[in-house]
Amino acid sequence: MQAVGERAHQSLAGNFQQHTIIGRGRPLGCCLAHVTSPVRFCVGAQNVGKGRRLQSGASPGRTKRQGMATETLTADAVLARTADPAPVLIAGPTASGKSALALRIAERHGGVIVNADALQVFSDWRLLTARPSAADEAALPHALYGHVPGDTPYSVGRWLADLDPHLAHPRPIIVGGTGLYFAALTEGLAEIPPIPASVRETATRRIAEEGHAALLNELDRATAARIDHANPARVQRAWEVLTATGRPLADWQAQTGPARLPRGAAHAFVVQTDREALLSRISRRFDLMLDAGLLEEARSNLPNYSQDRPSSKAIGATELLAHLQGAMTLDEARERIVIATRQYAKRQRTWFRARMGTWNSVTL
């Protein structure tokens, strides 16, 4: 499996045009973002790191974002501000180029790149989940990528526990697209008891038979108002908590514990990408994955595939394996995967706008 990933990413690097970030000459690699102009950052004037206020950079110009004055900075100006050992947080939608930014910071200043993507933790889908290449992982320290077997459940609570040792070291660069992970890290996490396997099995069966809307209809109003209705995993989690504990998820979240890393103790960036450019990147990235051996990766996962397997929640897993089993053409699978990925990116962008208004905006 690792050989597939290594060969795939080498092929991706070879086929993708060598677009660079501020003339560094480095291909964007696993994120496959198409950058046609220098990366620029919009940095708000809120406190970051150890009480320091970000100062204006070399590039003039101010914009308005959610009522906050921001300044447009070059990548080098932002790199200068991440030179101290404070943690760095980088959130962004899929295919936005956030992984390349994390690599750039690690190359310049050092620090371990730590995954904050709920599906990149699994070991069995390197290409499909756009995990860093084996070459990048060997060149710079990475953590929490592919460290969980695909059949093992993984939660935000376990992610926080796995992350804890890295917070004790200088400049962890925490990058990913799972907003819930960042919220739990910077705002705290409710200590909800473990969900019994029988409850989880019931929820999974009902979603397969009735759809996740049936579970959504049984939630309390407060919980339903705060979760993503289009995300079956979030609906299932809320239903499981209510069923297993007798208390709504919203009640548990109201008793959230202290944050492991308060927002003001880190440099926090959220990547903002033009919508049309992002849609184009998503389509192009999937085609490059196919060229790089994605079907081979899917074929290697076919013997152990199950819809109940945690790693099978990766967008495209079901469609690719259905194609391999003759249930749909590759064109049909591609269309469905690209549409689902675009829908996911839209939900990510909406979530980041709603929850990360005080984070520094990065435009790639």
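All residue numbers here begin at 1 and follow the chain in the order shown.
The backbone N, Cα and C atoms fix where each Cβ goes, and this holds for glycine too.
Curation plays no part in TrEMBL annotations; they are all automatic predictions.
Features reported for this protein in TrEMBL:
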- Gly92, Pro93, Thr94, Ala95, Ser96, Gly97, Lys98, Ser99: ATP binding site (BINDING)
- Thr94, Ala95, Ser96, Gly97, Lys98, Ser99: substrate binding site (BINDING)
- Thr178: site 'Interaction with substrate tRNA' (SITE)
- Arg200: site 'Interaction with substrate tRNA' (SITE)
Open item on the list: Among the recorded positions Lys98, Arg200, which residue has the fewest other Cβ atoms within 10 Å of its own Cβ?
Closed with: Arg200
TODO: Would you please pick out, from the binding-site residues Gly92, Pro93, Gly97, the one with the fewest other Cβ atoms within 10 Å of its Cβ?
DONE: Gly97
Open item on the list: Between Ala95 (ATP binding site) and Arg200 (site 'Interaction with substrate tRNA'), how many Å separate their Cα atoms?
Closed with: 31
Open item on the list: Taking 10 A as the limit, how many CB atoms besides its own sit near the CB of Ser96 (ATP binding site)?
Closed with: 28
- [ ] Whole-number Å only: compute the distance from the Cα of Pro93 (ATP binding site) to the Cα of Arg200 (site 'Interaction with substrate tRNA').
- [x] 28
Task: Listed recorded positions (Thr94, Ser99, Thr178), ranked by Cβ neighbours within 10 Å, top entry - done: Ser99
Open item on the list: Can you tell me how many other Cβ atoms are located within 10 Å of the Cβ belonging to Ala95 (ATP binding site)?
Closed with: 27
